[in-house]
Structures are given as structure tokens and as C-alpha cells.
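Database features, via Swiss-Prot:
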type	residues	note
TRANSMEM	11-31	transmembrane segment
TRANSMEM	46-66	transmembrane segment
TRANSMEM	93-113	transmembrane segment
TRANSMEM	127-147	transmembrane segment
TRANSMEM	160-180	transmembrane segment
TRANSMEM	188-208	transmembrane segment
TRANSMEM	243-263	transmembrane segment
TRANSMEM	278-300	transmembrane segment
TRANSMEM	316-336	transmembrane segment
TRANSMEM	350-370	transmembrane segment
TRANSMEM	387-407	transmembrane segment
TRANSMEM	418-438	transmembrane segment
């Protein structure tokens, strides 16, 4: 039992800074929305529309680079720190290639926005302007993620927390300058949010670059030592590990986006209640997501040390801690659901709808914790292809179809509206949790030589 307690402490020490870093990123989006909304409702809506296109694109790149964390953790655990710099340099090349692809997609996103049904032309122009501004921050964001993944692979999660918080503080005055046109800058409104956020991503990268070159714990990792040409074999391996994770993230983000579109014809009350419940559950999701990052680090590090048993302890401990936290957040959600809904909106009908959906949100928090932490464990084992197949099956073949049938049709029961889609979320996330758990169990039953060879690949 003692080893599980020690492992739990290590996991929480890694996870807490990740939570704070994620909150900083979320708060940056909230600040953009509030400050754009102070100009006009059109500017706020333009930021929302632009973000709905930007987020899946940049998260795809983010997911692709997550392969670096277990790679660095495994090299660190096995005492091969001299190989880390080369992996990170190739991570930069991969980030550069992906950022170019993302910028091309975002630059041409005006075709998507202009074809949206009944979209206001002014709103469309502002949304396109927002995207054309923020896309220049794509390389900065992904370069920052490369160095953040290096630090996290070395069990250093605090730098990402500190720099994320500084990024939030920097974002506010830059927003102020470009949204309202201060100090000689043009008043860009919602487009200014894109300029500010893109700038902040580069600032965060430069701060992280400054940290890794001066941190005593990383003096032996010489990133700046000469020019490193692309190593296509390493890039292919990193891309092969990261692509399933990137696609899994893309499936998850687009699932919620599609459900939002399907709910939109059901009326203002349904849409508002759905959005409130989804926003709050997304905040609660940050806790197990941070444990997922910690699980990847700990499992990868233990496998690097050649200890399959310790990796198993790290995996089970992370899931157990996640379940305990999920029980707390689920109880909190059930008890205070009406009070939480009132913080968002005072309309009685909306509060009733949101409160009802939060009951379902509380129900799926347990399975959500298992599936997201399970995904982190599998990343630690470098078993990322299974993550892709599990998420695709659970979300798109089980969750979304069942939600659609329950929410909008009378085939099974009378159409349930938003509640039907949330039951679909429960089905999808529970299916993912079961499949993740089964995959982890299967993997841990394999011979130690097989597990270690897979992790060392």
C-alpha cells in the first residue's frame, strides 16, 4: 500500500501545475470573449465562430506533438538523456511542418465561414479576420508545446504552469491595445483578439526557450548545439506515435461541435442549457486530464527504468486517484447544480434545463476520468494506435448515433432533446472507459520483454 501512496503523491505533484496551466489557457479564451463582447455582440460572435475552427486545427498539432512526452520520459528513465536533444530537435521540425499545414488550412477557412447558413456578412468578415490574425501564432504555440513536452517528459511541469499564467497576464494588455486601438494601434475589435493571442503564443515560446537553456536540471540537453537537419526516421516515428492521439483529440472536439449544431434547432432554452452544462463539465474535465499527463510521464519513466511492475503501479494509481477526484466533483455537481447554473443565467427555464443536464454530466464524470487517464497510461506505454480506434468507436460509432436516436427521433423513445444527446455522451464515454481499461489490462498481461521493447521503440 505504501508504494501506491508514494506514487499518488508523485502523480499529484506533477498534475497540479498542469491543472493551473490549463486553467490559464481556458481563462485566456474567456478574456477574449469578454473583451470582444464589450465592443459588440457581433465581435464576440466572430471570436466564437473563429475559435470553433481554430481549436480543432491547433489541437490536432498539439496532439501530434504529445508523442514527445513519453519519448523523453522513457529516455530519461533509462539514463539515455544524451539522446533527448535530438528527439526534441526533430520535434521542432515536426511542429514546423504541421504549423505550415495548419496555417494553409486556416488561411482558406473563409470558404467554410462564407458558406455557413444565414451567417451575417459583417460577422463572417470579422471571424475571417480573427483567423487570419491568430494563424501566425500557430508556429509559436507548437514550438512552445515542443519545449513544454520536453520539460514534462523530464517530470518538470511547473514551467508550463508559470509561463501559462504569465501568458494570460500578457494577453490582457495586448488585447486592450489591439481591440480598442490604444497607443497608436488600430481598433480591430474581435480581430484584435487574434492578433493578441497569436503574439502571446510567441512570447510564451520565447519564455520557455529562455527557461530550458538556463535550467540547471537541463544543462546536459544541448538543443542549440549546431544545426540539426530533419531526421525523417525520427520524425516518422514521432508522427506515427502522435497521429493517433491527434486524431483522437480531433474526434472528441468535433463530436461536441457536431452535437452543438444538432441541438441548435431545438430552441434558445435547449441551446443555453446545453452550453452551460458543457462549459462547466469542461472545467471539471481539467482535473482528470492533468492526471492523464502525469500518468504518461510516470509510466514512461518507469518503463525507461526497465520496471514493468512500477509502471503498472503508476497506471493503477493514476486511475484510482482520478476516480476519487471524479467522485468528489460528481457529488459537487449534483449538490450545487442549480447554484452553478444561476451563475451563468438567471432565466428559470434555462436553469432547469442546465440543472437536469448536469445530473447526466455528474454521471459521466466517472467514466470520463477512466477514459482520459487510461489514454494517458496508454501513451506512456506508447500504445497510441489503440487510443485512436477506441475513441473513434466509442464517440462516433456508439455515442453520437445513440445520442441522435434518443435526442431527435422517436425510434426508441419519444425524442428527448438535449437530454438524449447527453445520454449519448454517457454511452460514448463509458464505452471508451471500458475499452481503455480492457486494453491496459491486456497490455499488462504481455511478457515484460514485449512491453519494454514497445516502450523503447
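For all residues, glycine too, the Cβ spot is worked out from N, Cα and C.
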Go through 93-113, 127-147, 316-336, 350-370 and flag the stretch with the largest number of C-beta pairs under 8 Å relative to the transmembrane segment (188-208).
127-147
For the transmembrane segment (243-263), distant same-chain residues with Cβ under 8 A (at least six beyond the ends):
52, 55-56, 59-64, 66-67, 270-271, 274-275, 278, 375, 379, 384-388, 390-392, 395-396, 399-400, 403-404, 407-408, 417-418, 421, 424-425, 428
Can you name the far-off residues of the same chain, 6+ from the ends of the transmembrane segment (387-407), with a Cβ under 8 Å from a Cβ of it?
243-245, 247-248, 251-252, 255, 258-259, 262-263, 371, 375, 378-379, 413, 415-425, 427-429, 431-432, 435-436, 439
Taking contact to mean 3 or more CB pairs closer than 8 A (sequence separation of 6 or more), are the transmembrane segment (350-370) and the transmembrane segment (418-438) in contact?
yes
Which sequence-distant residues neighbour the transmembrane segment (46-66)? Criterion: at least 6 residues beyond either end, Cβ under 8 Å.
29, 32-33, 36, 91, 94-95, 98-99, 102, 105-106, 109, 112-113, 116, 119, 123-124, 126-131, 134-135, 138, 141-142, 145-146, 149, 189-191, 193-194, 238-239, 242-243, 245-250, 253-254, 257, 296, 379
